[in-house]
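Noted in TrEMBL for the protein shown:
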{"type": "DOMAIN", "residues": "14-150", "note": "domain 'DUF1468'"}
{"type": "TRANSMEM", "residues": "6-29", "note": "transmembrane segment"}
{"type": "TRANSMEM", "residues": "36-55", "note": "transmembrane segment"}
{"type": "TRANSMEM", "residues": "85-113", "note": "transmembrane segment"}
{"type": "TRANSMEM", "residues": "125-145", "note": "transmembrane segment"}
Amino acid sequence: MTRNQVIVPILLNLFILLLSLLFLILAITGLSSESASAPILVCALTIIVAAFAIVEDYRKKNKPATDEGEEEAAEETGESQKPMWFILALTLIYYLLIIYVGFFVSTVLFLLVIPYMYKFRNWKLIIISTISMLVIYWGGFSWLMNVRFPSGFLL
């Protein structure tokens, strides 16, 4: 693994950990006890997962590739990973689509494009997971929490 393949994930996870810590402090100090429970839970879980990810990435950094199979696997993952700017650009496009065409249409497009960009071609699984995510979003936010989704020109 190259130095950038190890350092970038560690820095990204460290950024997520620090940002989650900041939001945890803001939730504890700025919200009432009733409204702070969900943000505190999410921030605490995010901090735990980010800490584990940092440790795992650090172990990968210090683990030498001893056999040819591991070196080939590292090369394959390097080829299949898209650059971070590409994912950020797709996320920005997704955000803009939410504004103009609505949440559900843009989410369907986003959830169909991302697996395709990563060369995952099992369309049956992609469609099932897209429908499942829409049901989870609708059930969790609209039905349970009575939150309205952003609407655009189409929906």
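If you go along the chain as it appears here, the first residue is 1 and each next one adds 1.
Using N, Cα and C of the backbone, Cβ positions are placed for all residues, glycine too.
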Tally of residues which DSSP labels helix, strand or coil - the domain 'DUF1468' (14-150): 115 helix, 0 strand, 22 coil
Rounded mean pLDDT for the residues that make up the domain 'DUF1468' (14-150): 82
